[in-house]
Amino acid sequence: GLVIDGRTLDTVLQGGLEEKLLELAQHCRSVLCCCSTPLQKSTLVKLVRRQLRVMTLSIGDGANDVSMIQAADVGIGISGQEGMQAVMASDFAISRFKHLKKLLLVHGHWCYARLAKMVIYFFYKNVCYANLLFWYQFFCGFSGSTMIDYWQMIFFNLFFTSVPPLLFGVLDQDVSAETLLRLPELYKNGQ
């Protein structure tokens, strides 16, 4: 692991040693920055995003973490003793740090699987509708006349094609929460 304090981090960032820090950090299992300023935290997140071209996640519990949370791709705020500033600036909010495991492994997996299936569903729905209109044009001699009234099309999309995705999005769980918590490697397989 690598532990770096705010003063050392300031020297690294101002001395042009960012590349060396990233090279060293890539060989560590964990990197911990302590006693750093909010500007240093956000600069470090931006540096990792820009240089390594990876998705970043920041977790914070106070006002000093707001800039870091906003600089990351995904920000998680922990409501606690330091106030609600981090929660208000975050994408997701949890009440305790121990809930992070369930948020990432269970809800993250379910959300990823649901979104992937819903994209396929919407492509299927739109391809079917476009094919219907395409074949209709052969029967009407390519006159440009509409096969379906606009109100019928609106209600079709509103009622008949919005209920299945909503039910599917709320109720679909491909793997149980207990299994996902027991086998964290399933998250990576889903990707």
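Cβ coordinates are placed from backbone N, Cα and C, and glycine is handled just like the others.
Taken from TrEMBL, the feature domain 'P-type ATPase C-terminal' applies to 87-191.
As annotated by TrEMBL, transmembrane segment applies to 119-138 (among others). Listed as Cβ neighbours of the transmembrane segment (119-138) (distance under 8 Å, sequence separation of 6 or more from its ends, same chain) are residues 147, 161, 164-165, 168.
Beyond its flanks by at least six residues, the transmembrane segment (150-171) meets 114, 117-118, 121-122, 125 of its own chain at Cβ-Cβ distances under 8 Å. Feature annotation from TrEMBL assigns transmembrane segment to 150-171 (among others).
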Three-state composition of the domain 'P-type ATPase C-terminal' (87-191), taking helix and strand from DSSP: 78 helix, 3 strand, 24 coil
Averaged pLDDT score, the domain 'P-type ATPase C-terminal' (87-191): 84
